[in-house]
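Under the heading domain 'Molybdopterin cofactor biosynthesis C (MoaC)', TrEMBL lists C:15-150. Annotation source TrEMBL lists substrate binding site at C:75, C:76, C:77, C:113, C:114. If you look up TrEMBL, you'll see C:128 marked as active site.
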């Protein structure tokens, strides 16, 4: 099947068998950015510093979203996550917020999808809180940064 | 609060009062892309044309994800969606898949977040099915394309 | 598309547009049976009459399951149900339990799937509580009994 | 309590203690059928062969439904499934579709309910997509086919 | 049935029929308190004023929990909430936090359970974040404060 | 951070790393009470003895609610519970119902939140079924009774 492991020899989607894999420590870090207009970016910064904590709300949404990954992504295995952390970085020049989500487990499959789902839900939540000000925001460059445990490690350039 | 309607005068997050708004027809279209390596793109195309229908699975995930929007985005109102449609376009030159999600309701608030959430869950599902082949995929440019109904319409350039 | 309204003209699955439909009173009744071995049937009857209220647990599961219908069935519209009722009938001769689920709403689409989902979750819950005694139980004949409201009414023979 | 292990000595429902059980490989296969009228059956076949992939949608719904089992069945333990596979067989003579769902885990309790729930959600999803054509469809004979691991194995005749 | 409207004339639980009720504006306010030890209370205050925003996290949890009410409370009707707001008050003398949750909808049934569920989830979330310091915390006096719309209004003394 | 382990050194909420902890048997018992007016209390007792089994419904809700803990409490780890039991005690003098919820797992973190969540959902469900009779009910004194496994045991006085 051209390397499409999520489909069997007949081309039917399935949740692949990971029963024979050993439980190992697994970690994944994903990142993504949202690009704001100047007004929305200013509102986000004003909010974050004192009241109207946009990033605080987005962080909780990202953590809860990452825990829902196997509910959202049909062929993902349910996994008991042992750690979730979400960081944000602000870039005043580009009017951008970068979100990092780190997921960890001790289990039979990797946690890339959990980290990536956390990032996307976090960015969507920022979007939601600023969309009254700015309808032109763009979520850009969500990707895997690092993956440890399992068959092979990965670090993006 | 600098236009941050999702926070009250004390800076506390809330789900804003839409009770006085009238029920009107609302529509939103969002889009986003995933950029694949050549091998993953070839596998996706091979799967789609015959067996291993990656985009068919992603479409269902996007539709189900859009229905979970108010569960995922903390300050979103629950909405009885009246329509959801998801389209994919393939770009052989860029090795990219573009996802479009259209959401509609007859209700008191817009459905931008539902359309955007559908796109992000659709792209994440494509990522999941191809990640065994390619760990360098990037989800790019998720944004609102069109919004009808409510206070003001919006169409992106 | 041969009458397959859940697919568009390109053959892609979608949640069909019901935005132009009027809100009307809708009602559906579904039914299904579970056939038990003599021992499991006796245990269920003993439990129901005094303690170990199998049917009481199954009724709650059926009601909660029916409320999750649009989460479970990909192309179902979310609906604010206005009534759910679940009845059970015991047939001592056949060692069978029949489950009836009635769903109602005031909305734009029918509630057949809600009634049918309620029945299936109710029967599965009975199965779960008796499976330690009997692994040969069979869930049979789940079907729509009645449908009111919408384009056309339906009553099964 | 007449063998009703899901109820304590006072007759109260509980989720039984499986803490002392060892983690072993567990597998269950369940099956069920849906009987269609000739027109609905023809539409399903036409859809499946090219566009309007009814069974592809039902397969994803079955997999996602099986992952929700402990949410739906009150006294079921949550389980990290290690494999889910769903197959369909078409019977042109009877106008029937048979659904098979295989669930596996490495855990302390069996996965019969996961396999059975997958089958029922798969059949409900087929029903949903064909109900505009046929309101007389019947879901028949959902039962356990095979169970491995745990106290005792089981294979149906 | 002694005024137990959630049970029918045979004593069986059901989700009562509200289909004939008119959609009116409904509002409910609930409140509850959590009593902390001196050390946990100090940690909460230190966190809230600068970093470690316990109440910010609890507010989001309360809002999301209130939206899940019909999922959690078996006989509750699903309701499209139009507003949710959560406030906290600190009592330095008693080392207590009071949570207020206001829920509103335009619908056929009241939103008392949504307001009460929001309070309980908010208090549980505070408990969770402070339980490493204090295992003797107590959640006390959760009750309805106000109810508007529907058959009768209510205000607690 | 003043002992607030759910926040990192920058004051940001996270789901703490439990990956290095060993899987041990964990148990927690929580309790809480609901105080009813005389009429509501009489209705509950009348229902419980024969038909209209308020406590039977509340027990199932408590069990299902406890299984949803990590969905509801943002920084809680998902845990595969191995046992859940819910008991009720009636106090005719005070017109009170006491709920006890016992949760157990073999895992890396404690199950206090699961036991406490079970109690709160159980009490909310009782409230829901009696609120047509009594709007002055109060949920009081929800707290941890016992905790075994992990770093330190705990028993309340």
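From the backbone N, Cα and C atoms, a Cβ is placed for every residue, glycine too.
Of the residues the record lists as binding substrate, namely C:75, C:76, C:77, C:113, C:114, the two whose Cα atoms sit farthest apart are 13 Å from each other.
Of the listed binding-site residues C:75, C:76, C:113, the Cβ environment within 10 Å is emptiest of other Cβ atoms at C:75. Applying an under-8 Å Cβ distance to chain B, the recorded positions C:113, C:114, C:128 reduce to an empty list.
In this structure the C-alpha atoms belonging to residue C:114 (substrate binding site) and residue C:128 (active site) are separated by 21 Å.
Summary for the recorded positions C:114, C:128: the Cβ-based neighbour count within 10 Å is maximal at C:114. In this structure, residue C:77 (substrate binding site) belongs to neither helix nor strand by DSSP; it is coil. Summed and averaged per residue, pLDDT over the domain 'Molybdopterin cofactor biosynthesis C (MoaC)' (C:15-150) gives 95. Chain D lies within reach of C:113, taking the binding-site residues C:77, C:113, C:114 and requiring a CB-CB distance under 8 A. Of all Cβ atoms in the shown protein chains, 22 besides its own fall within 10 Å of the Cβ of residue C:77 (substrate binding site). Note: the CA-CA distance between residue C:76 (substrate binding site) and the residue listed as 'active site' rounds to 26 Å. Closest in space to residue C:128 (active site), of the binding-site residues given as C:75, C:77, C:113, is C:113, taking the CA atom of each residue. Taking DSSP states H, G and I as helix and E and B as strand, the domain 'Molybdopterin cofactor biosynthesis C (MoaC)' (C:15-150) has 49 helix, 47 strand, 40 coil.
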